[in-house]
Amino acid sequence: MAIGGAAPHDSSGELPGFEQPLLHAHGGLQAGKDPAAAHDHEAQCSPDAGGATSLRTCFNGLNALSGVGLLSIPYALAEGGWLSLVLLLLVAMVCCYTGQLLQTCMGASPDVRGYPDIGALAFGAKGRFAVSAFMYAELYLVAIGFLILEGDNLDKLFPGTSLSLGGVLVLSGKHLFIVLVSIVILPTTWLRNLGVLAYVSASGVLASVVLVFCVLWAAVVDGVGFQGKGTMLNVSGLPTALGLYTFCYCGHAIFPTLCNSMKEKDKFSKVLVICFVACTLNYGSMAILGYLMYGDDVESQVTLNLPEGKLSSKLAIYTALINPFSKYALMVTPVATAIEEKLLAGNKRSLNMLIRTFIVLSTVIVALTVPFFGHLMALVGSLLSVMASMLLPCICYLKIFGTARCSRAEVALIVMIIILGSLVAASGTYSSLQKIIHEF
């Protein structure tokens, strides 16, 4: 689908399938000077120097979209009711469309290598700062969510575990496991080049499929059954449901990376559609299964509902644990790199390790203070994912190409997404913060 109207063809052949660069302003568009863009460039490096095939990019995209949101999707359905499944489909369609808007924005300049570059192309240095700020905040909070998830699931595997430190301090339950997991994860954050780890894509996709299969096995074979009736619509829970649905599709930060990594960039639009369709089917299956099994009693992580001692439950929990464990360092590395650049740490290894250790420590403190996985992920989805996945792509697109280059229908659609996205962000953020405060 052509987005942004017709433009002269790029005869240089450097960017097949893209429109001729429209803007060459903002000389600060140098990817090497931006930490996030530098990380994006690292992530593109692979043995296949000629570029990734469409199939490999498909796996990369599926891995980016199939994350820990899979565990909370039944809880999201319980918050909104059965009819909120329509909203899941709507969010998927909107996020797929805004992903294509990002692809079109990339075609406006050959200097665009990462998401912050699109912000810079649209609004200069302030645009780069705004996009980077939302990206880093989202990555930081997702890393905190990983620690909470690990603590919750390990506590289910090993209930009643406690540790006494000199009789002065006693750590028990998920608080203990959050601390232990952070100690194990800490050395992985000291590695400087983690780009290659971002594309262990086949295993990530397989883990998502295994999780759904384990939940189905628990229902059919282990005797849980499908006893949960649920409700048709819960209006008060819609903001939380929308926030969690949006969180499930928050892969926009790396879409420019995936596009740049392809041999045939003009096929990225088709790859994007395939990824969103496949992930929506997987998310929908997990949501329906979990809600049919447990109804309104479903936990913020469906693995916490699974029967103890069963093989399917253990396999599901172990699978859920592996994914965050392997991705935590990938989440905090761009944040750490940005801080190191600001402090001019450069290649001072001891200072770099200190900065990264402090970041891990800060995530542990927040995870121990706000141990509410569902509410935190709803907050991330409402406040940050809506901005990164819906609002910013639309705003940047309109600023770069202008309304004159777009059809009236397209402008109307984009404006509608901006208005509805703003409402979702405001209501979802308020609802999530209210629930977090209420839990204290």
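The backbone N, Cα and C atoms fix where each Cβ goes, and this holds for glycine too.
For 52-432, the entry in TrEMBL reads domain 'Amino acid transporter transmembrane'. Annotated transmembrane segment per TrEMBL: 80-99, 129-149, 161-185, 197-220, 240-259, 271-295, 315-339, 351-370, 376-398, 410-430, in sequence order.
When Cβ-Cβ distances below 8 Å are used as the criterion, the transmembrane segment (315-339) is approached by residues 35-36, 38-39, 67-68, 71, 132, 135-136, 139-140, 142-143, 145-147, 149-150, 153-154, 156-157, 181, 184-185, 188-189, 191, 194, 197-198, 200, 204, 207, 210-211, 214-215, 218, 301, 303, 306, 345, 352, 355-356, 359-360, 363 of the same chain, each at least six residues removed from its ends. If you count C-beta pairs under 8 angstroms between the transmembrane segment (240-259) and each of 129-149, 351-370, 376-398, 410-430, the highest count goes to 376-398. Recorded stretches compared: 161-185, 271-295, 351-370; the one with the most Cβ pairs under 8 Å to the transmembrane segment (129-149) is 351-370. Listed as Cβ neighbours of the transmembrane segment (161-185) (distance under 8 Å, sequence separation of 6 or more from its ends, same chain) are residues 147-148, 150-152, 154-155, 325, 328-329, 360-361, 363-364, 367-368, 371.
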